[in-house]
Amino acid sequence: MTEKTKKRIVVAMSGGVDSSVTAALLKEEGHEVIGISMQVWDYSKFTAPEGEKFDTCCSLDDIHDARRVAEQIEIPFYVVNFEEEFQRLVIDDFVDEYFRGRTPNPCVRCNQRVKFQLLLQKARELGADLLATGHYARIERGDDGLFHLLRGDDPGKDQSYFLFTLTQEQLARVIFPLGGMTKPEVRQLAARFGLRVAEKGESQEICFVPDNDYVRFLEDERGKNQLAGEIVDRAGTVLGRHEGTYRYTVGQRRGLGIAHPHPLYVVGVDAERHQVIVGPKEELLAPGLVATDVTWVIAPATETLEAACKIRYRHHPVPCTVTVLAGNQVQVRFREPEKSVTPGQAVVFYRGDEVLGGGWIDAAVTEG
């Protein structure tokens, strides 16, 4: 590597195997690598059962692991405290959405507002040419000079869904070194580098709800029983009562607390009326949706287009027709009705492996 090709690269280090391998690879390639971990949450509020650890990222234990890896591969390491910003930009939004009767995706918001905004700015302040993360996604520069966001090569680990908000300016300053690898290959590299986190498990829960008790977290933030009300069917028949709409999400079956001869599912949440709407499984199907705050990776779509879309992270992309509406909104029509279209979740549009853009589900379309 020559001085012209050598880059100063900040690596977002979570303490996990992916970001650790990212840092080690870039160091091995000869780049000037700087490790940074984000402190975003006060974990003293939670205590794991004795002998156990929470399966999250960004905890103090994770920051300690990141620091040890940085020492091992001999790179500078810093911790930036984004607790105040994270509360305002991610957690408050998360809580607000639940109390509006929606089911948010804080990981997308964190990428959009913290990791690729605040952390990228911190990288610039350190004089870095690039910010690298351990995401399983790819960025390619086309003949048109524009940056294209693509799925990661490992279909089971692809994280492009969480990255649809990235702009051209951000894509020009970001790299994903693991995008062309599989998870087993990354673990093999971790073992070759002798990294202490080579066998570390995956983070499973949302980082600021490490015990996965969403209800307790929401009540700690806003108090109990603010939205108590009725459980009704689509005809308005009262079937029972609930202690807060924030306890329910579309598709939920367990915990309804009502007796009925047939299985019932949550098919809607109306926070304004304090109602949880339930129905049989077939009422979960919707022919389409309306999405708001839509952004496009390359250029805004101006007319109807054919694409594939994902309506949640683990959803298999399905064919759809996207019609552009006014005010950064779109209407999506699925080729076949889809189950559990959930307001608050992200819908992401693909053409082949390429991410076209995405937005936030505002409502399911209930009529064909």
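Note that Cβ sites are derived from N, Cα and C of the backbone, with glycine treated the same way.
Source: prediction; values computed, not measured.
Pulled from TrEMBL:
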ACT_SITE  C110  active site, nucleophile
DISULFID  C110-C207  disulfide bond
SITE      H135  site 'Interaction with tRNA'
ACT_SITE  C207  active site, cysteine persulfide intermediate
DOMAIN    217-279  domain 'tRNA-specific 2-thiouridylase MnmA-like central'
DOMAIN    288-361  domain 'tRNA-specific 2-thiouridylase MnmA-like C-terminal'
SITE      Q345  site 'Interaction with tRNA'
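Sequence-distant contacts (6 or more apart, same chain, Cβ under 8 Å) of H135 (site 'Interaction with tRNA') comprise D18, G152, Q159, F162, L163, F176, L178, G179. Shown are the recorded positions C110, C207; of these, the residue with the fewest other Cβ atoms within 10 Å is C207. Averaged across the domain 'tRNA-specific 2-thiouridylase MnmA-like C-terminal' (288-361), pLDDT for the predicted model comes to 96.
In the three-state DSSP assignment, the secondary structure recorded for H135 (site 'Interaction with tRNA') is coil. For the pair C110 (active site, nucleophile) and C207 (disulfide bond), the C-alpha distance works out to 11 angstrom. For the domain 'tRNA-specific 2-thiouridylase MnmA-like C-terminal' (288-361), the DSSP-based tally of helix, strand and coil residues reads 0 helix, 48 strand, 26 coil.
The C-beta environment of Q345 (site 'Interaction with tRNA'), restricted to residues of the same chain at least 6 apart in sequence and closer than 8 Å, consists of T103, P104, N105, I311, R312, W360, I361.
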